[in-house]
Amino acid sequence: MPKNSKVTQREQSNEHVTESVADLLAHEEPLDYKSSSLNVIGATGKKVPQIEVPEDDGRPAWNSKLQYILAQVGFSVGLGNVWRFPYLCQKNGGGAYLVPYFILLLLIGIPLFFLELAVGQKIRRGSIGVWNYVCPSLGGIGMSSLMVCGFVGLYYNVIIGWSIFYFFQSFQYPLPWSECPIRRNGTLAIVEPECDKSSATTYFWYRQTLNITSTIAESGGLNIKMTLSLLVAWIIVCLAVIRGIASSGKVMYFSSLFPYVVLFCFLVRGLMLKGSVDGIAHMFTPKLEKMLEPQVWREAATQVFFALGLGFGGVIAFSSYNKIDNNCHFDAVLVSLINFLTSILATLVVFAVLGFKANIMNEKCVVENAEKILGYLNSDVLSHDLIPPHVNFSHLTTSDYAEMYGVIKAVKEGGFAQLGLEPCLLEDELNKSVQGTGLAFIAFTEAMTHFPGSPFWSVMFFFMLINLGLGSMIGTMTGITTPVLDAYKVQKELFTVCCCIVAFFCGLLFVQRSGNYFVTMFDDYSAGLPLTVVVILENLSVAWIYGTKRFMQDLEDMLGFRPCIIYFYLWKYVSPLCLIVLISATVIEMAISPPGYNAWVEELAQERFQSYPPWALAMCFALIIVAMLPLPVVFIARRLNLMSDGSNKLSVSYRKTMMKDMSNLEEQDEARFILGAKPGEAPSSAPAHKAYLTPGGTKTLDANSLSPNSCYGTSYQNAAISPTTPTTPTTPATPDSDS
C-alpha cells in the first residue's frame, strides 16, 4: 500500500474514520465495508488485514505530461483558429470581438472543458462508458458524440486532402495559381474567360482543383485528383492512430508544434511586407457598438464551443489515459489559454498578409482607373483642368488618385456614374470578409503569389494546414475508437483500419465535382445543433443528476484540493443557462435563414446563393436527426429495461473502481458543503451502519439506501451489508455484471 494513500494515512491517525460518498466512489478497494480496506478498524476494535488492489488496470497511458498536453492542444487548435476566428473578428467589430469571446471562454469554455477532462480522468473510459456510468438513462450522450465525430471526420479529412493537393502543387515556380491560363485558338491567344472575370487563384480553386459543378443536383462524377488526395489523407490518419496513443502521441510532438513555427515565421515575414501594419491596425481597431448586438455574442459562444472540441468525445478519450491524480484543472486552464492565444496569433498573421494583399489590390485599382482617366482626357470627355497640377500619372499615389477622384466626382456630378470610376479605398479592401476555404485557398494563396520565394511560403503554409487538420483528426478518431474499444474486445489495429476504409468510401460523396456543396452541408448541419444538445446534457447530467456537490467532492479527492467555489455555480447555473440560450439562438437562426449554399456559376464566374432542392433539404434534417437519435432511443430503452446499461462491457478492473451511489442522499446545507464546513463529529454507534460525510454532517447509511433506481451507477450494486456480518476478513463480493 503506498505510504501516502488515504487508507495508510487513516491507519496512522487517531481520528475516527469517516468516509464521504465521493471517497467510496474513488476507491479501488472491495466494497463490503467490513471486509474492505475502507474499514480500518472492525466492529470488535481489531485491525482487519488490508487487501491491495493493483493500480495498473492495464489501460494505456501517456508517456509524459507534455505528450498529453500536446495531444489536447493539437485536437483543440485546428483549422478554425486560422480561418474562422480571424473572419469573426473582422466581421464583429475587430478588437471589440475579443471582449465577448474572452468572457464566454471564462463562463462556458474553461468550466465545460474542465468538466470533460475530469469525468474522463475519473472514470477512465471513453464517452460511451463515461455517460453510462454517470447516468445510464442518458447513455445516448456518448453514442451521439460518436455519431457527430463520424460525420465531422468524413468531411474534415476532405479538407486535409485539399491541403495535400495544394502542398504538392506548391513545388513549382511560378505557382500554378499565380496567372490565368491562356486559351489558344489557332494563332489567337486569349485569357481563359472564367479566369479573367474572377482571378487566377479563384479560377484555380474552383476549376483546376474542384472542377466544380453549377448545382448540388449535378454530381459530375468523381474528381480523380481529389479522390487520390483523400486516399492519401486517410492513409496518414490511419497510420497516426492505428496503435492508439502509442502512435498518435508521438505524432503530436510534430503536428502540434510545427504549426506554431510556421505561424511565427509568417508573422515575421508578414510584418516586413508593405501594408501589413494597415491590416493589423484595421483588425484591432475596436468597433464598440458591435458589442451590443446579440449576434456577436452568439457567434462568440459558438466559436468558444467548437474551438475547444467540446462534445466530440476526443477530450474525454484523451484524458481517460491520464493518471487518476493528474491535475486536470491546470490542464483545462492551460489548454484553453493556449487555444485563445493561438487564435490571436493566427489573426495577426492573417491580417498582416491580408493588409499586404489589400495594398496590392488597391494599387492595382488605382492603376486601372488612372488608365481610364487618361483615356477620357485624350478623348476630351474630361478636361485637363480637372487634374491637379502636382499629379504625375507615371508615379500616381493613392492619395493623388483620391484627390483627383474627388474633383472629377464633384464636377461631373450628373454623368459621373457613366465614367465607371472606382474610389479605390484601402478600407474597402480590408473590409472584404473572407472565411473558411475562401480565406485559405483563395485570399491567402493570392497574397503569397506576391511574396519573394512564393513556392517556399506556399509549401510551409499548406504543410501547416495539413498538421493542424491532422491534430484535430487524431482527436476525432480517438473519440470514435476509444469508446468502442472500451466496450467491445476487438483488435485495435484491425478496428482502426476498418474505420478508415469505411470512412474513405463514405467520403467519396465529398470528392465528386459537386462535393464542396456537401462539405458545406455537413459543416452546417451535422455538428452545430447536435453538439450543443450533447454538451448541455453532459452539463446537466453531472451538475443536476450526479450532483454538483458530489462531483466537487470527487474532484477534491482526485486532485488533492477543492476547486474554486465559482465552478459550482458555473456548472450548476451559468453554463446551462448560456447553453440553453445558445441552442435557442441556433434554432431561431436555422428557422429564419433559408437553407441553401453558395454555388459557383461558371458563366458569371462568381458565387450565387441557391436553395437546397427537396432531397438535399431532407438530407440536412436527416443529419441532425441521426446525430441526436441515440439520445431518446437509449433513454426509452433503458427506462423500459430493453437495454443493458453497458456495465457488462466494462473490464473487471474498471468495475472494481465503481460503487453504488447513494440515491437518497439529502440535499442539505449546500453552502456549508461548498465552503468546506466541518462535518459532525459523532457517527452512528450501530454496528450495522457506516458513517459517511455528507454536506450537512454525518449521516448513517445502510444497505437499504442503495436504491437500484438511482440514475447513476445503476449497475454497480454490491452485496448488501448485513448487521450480522462477522468481523473476520472475507473475500470481497464481485459486482454484478448485469443490471
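All positions are counted from 1 along the displayed chain.
Including glycine, each Cβ sits where the backbone N, Cα and C put it.
Unlike curated records, TrEMBL annotations are generated automatically.
Per TrEMBL, the features are:
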| type | residues | note |
| --- | --- | --- |
| BINDING | G74, V77, N81, N339, L468, S472 | Na(+) binding site |
| COMPBIAS | 723-739 | compositional bias 'Low complexity' |
| REGION | 717-739 | region 'Disordered' |
| TRANSMEM | 68-86 | transmembrane segment |
| TRANSMEM | 98-119 | transmembrane segment |
| TRANSMEM | 146-168 | transmembrane segment |
| TRANSMEM | 228-246 | transmembrane segment |
| TRANSMEM | 253-272 | transmembrane segment |
| TRANSMEM | 300-321 | transmembrane segment |
| TRANSMEM | 333-354 | transmembrane segment |
| TRANSMEM | 456-482 | transmembrane segment |
| TRANSMEM | 494-513 | transmembrane segment |
| TRANSMEM | 525-546 | transmembrane segment |
| TRANSMEM | 567-592 | transmembrane segment |
| TRANSMEM | 612-637 | transmembrane segment |
Other CB atoms, at most 10 A from the CB of L468 (Na(+) binding site): 29
N81, N339, S472 as binding-site residues, winner by CB count within 10 A: S472
Region pair the transmembrane segment (98-119) / the transmembrane segment (456-482), three or more CB pairs under 8 Å: no
Chain residues in Cβ proximity to the transmembrane segment (456-482) (below 8 Å; excluding those fewer than six residues from its ends, i.e. six or more beyond): 71, 73-79, 81-82, 125-127, 145-146, 149-150, 152-153, 156-157, 159-160, 163-164, 166-167, 170-171, 175, 236-237, 240-241, 244-245, 248, 251-252, 254-256, 258-259, 262-263, 265-266, 269, 309, 312-318, 320, 440, 444-445, 448, 492, 495-496, 499
Whether the transmembrane segment (567-592) meets the transmembrane segment (612-637): three or more C-beta pairs under 8 angstroms: no
Beyond the flanks of the transmembrane segment (146-168) by 6 or more, those residues with Cβ under 8 Å of it: 79, 127-128, 209, 225-226, 229-230, 232-234, 236-237, 311-314, 437, 440-441, 445, 458-459, 462-463, 465-466, 469-470, 472-473, 476-477, 479-480, 483-484, 503, 506-507, 509-511, 515, 518-519, 522-523, 526-527, 530-531, 534, 623, 626-627, 629-630
Highest-contact recorded stretch vs the transmembrane segment (253-272), from 68-86, 300-321, 333-354, CB pairs under 8 Å: 333-354
Leading contact stretch, 68-86, 333-354, 525-546, 612-637 vs the transmembrane segment (300-321) - CB distance under 8 Å: 68-86
Spatial neighbours of G74 (Na(+) binding site) that are distant in sequence (at least 6 apart) but have CB under 8 A: M252, S255, S256, L470, G471, S472, I474, G475
Beyond the flanks of the transmembrane segment (525-546) by at least 6 residues, Cβ under 8 Å: 112, 115-116, 119, 131, 134-135, 138, 141, 144-145, 147-148, 151-152, 155, 302, 305-306, 310-312, 571-572, 575-576, 579-580, 582-583, 586-587, 590, 620-621, 623-624, 627-628, 631, 661, 711-712
Sequence-distant neighbours of V77 (Na(+) binding site) in its chain (C-beta under 8 A, six or more apart): S256, P259, I338, N339, T342, L468, G471
